[in-house]
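Here is what TrEMBL says about this protein:
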type     : residues : note
COMPBIAS : 1-21     : compositional bias 'Basic and acidic residues'
REGION   : 1-36     : region 'Disordered'
TRANSMEM : 108-125  : transmembrane segment
TRANSMEM : 152-170  : transmembrane segment
TRANSMEM : 177-199  : transmembrane segment
TRANSMEM : 205-231  : transmembrane segment
TRANSMEM : 243-265  : transmembrane segment
TRANSMEM : 319-341  : transmembrane segment
Amino acid sequence: QESESENKLDAETASDSESKSEFGGSAPVPTSDDTPEVLNRALSNLSSRWKNWWVRGILTLAMITFFFIIIYLGPMVLMTIVMCVQIKCFHEIITIGYNVYHSYDLPWFRTLSWYFLLCVNYFFYGETVTDYFFTLVQREEPLRILSKYHRFISFALYLTGFCMFVLSLVKKHYRLQFYMFGWTHVTLLIVVTQSHLIIHNLFEGMIWFIVPISCVICNDIMAYMFGFFFGRTPLIKLSPKKTWEGFIGGFFATVLFGLLLSYVMSGYRCFTCPVEFNNDTNSFTVDCEPSELFQLQEYNIPLVLQSVVGWKTVRMYPFQIHSIALSTFASLIGPFGGFFASGFKRAFKIKDFANTIPGHGGIMDRFDCQYLMATFVNVYIASFIRGPNPSKLIQQFLTLRPDQQLHIFNTLKAHLVDKGMLGSLEDA
């Protein structure tokens, strides 16, 4: 029935004013296994199932090691890596579109795609610089001008690309060109917007960056392990290799991992403090007095569990409670990012987005769940964690004209007098 519905849809598409042949058919994008020759020789005696297991395992350990190294190098390197990953993911998705519709060599398609990527990155990173490096921006005249007219400049850049697209329209290929215009913008929405949220999470504290990413990695590994050894029941048709045993085992393993990792990281200021820019040293700092989230507190254990564990109370960090929410999302909802990507790949009859990482596919194959997770973390912080930031308000206050500062001062003074707080402070 599914095949019949797809054939019917193809027939309907072919009956449009422009034939289906305009799209070059649905030719698959070729992908090949780039497993290093050293591994191929070493694992040549194993079956394809176990060979894939070892290749994935070795490359996973290599990627985890690389992850630890970039964490050690600090937030600036992390932001650079996020930017590089974003560009690579964008390239992989755009290349799929280009290869599928390759035969017509649309004018300016690749040029305009990369131009729009530049425009969107200019907008988002400009907003981030203005928000987190406010004093630096106000100190430098060129940066102050760019900050003041940032949104207008961003819109002007985008409008230029929009006009270039309209001028590139070619007769008989209008529909295809508009399809690819939409393809580019959806890719920007999925990749660039969510990469920007990852950087925002990083500025809240490296723990908000490391724990969610680690939970997704843990869930991916443990779901694969449980599914490999115990998997019997298929989970979803989009990913035939996914099993209920792997899904459930990955969930419990990830929640436990999140609790343990959060306990270890909550004791270090370099992970828990917000990433701030020091204007005196022109460098990032992660030193602060830990908030209540990262101070040990005593919690009563429910009566039902007291007889099992033998404890009445337990000391833990409040952040560990939040880590349960993060790890639960990474285990139950995060995989749907992977299912979405699987459906996308099936639609274009490809195995992986690319063959960048042997045994794993492309960069996008590894970050499909990470982008969904980053969005959740950003929404979670905004909803349950983040409050008003007095230091940013003071920074903006100091940039106002003296008469505006005086007006705000008098308004605040009158408000405090009405509340009875100013009198008590003066008496003290």
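Quick reminder: no glycine exception, Cβ is built from N, Cα and C everywhere.
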Top partner of the transmembrane segment (243-265) among 108-125, 152-170, 177-199, 319-341 - counted as Cβ pairs under 8 Å: 319-341
Per Cβ pairs under 8 Å, the stretch of 108-125, 177-199, 205-231, 319-341 packing most closely against the transmembrane segment (152-170): 108-125
Top partner of the transmembrane segment (108-125) among 177-199, 205-231, 319-341 - counted as Cβ pairs under 8 Å: 177-199
Folded-back contacts onto the transmembrane segment (177-199), same chain, C-beta under 8 angstroms, at least six residues removed: 23, 79, 82-83, 85-86, 89-90, 93-94, 97, 101, 106, 109, 112-113, 116-117, 120-121, 124-125, 128, 165, 168-170, 209, 370-372, 374-375, 377-378
Tertiary contacts of the transmembrane segment (205-231), as residues 6+ beyond its ends and Cβ separation under 8 Å: 53, 56, 60, 64, 67, 71, 75, 78, 198, 241-251, 253-254, 257-258, 261-262, 265-266, 270-275, 286, 319, 323, 326-327, 330-331, 334-335, 369-370, 373-374, 376-377, 381
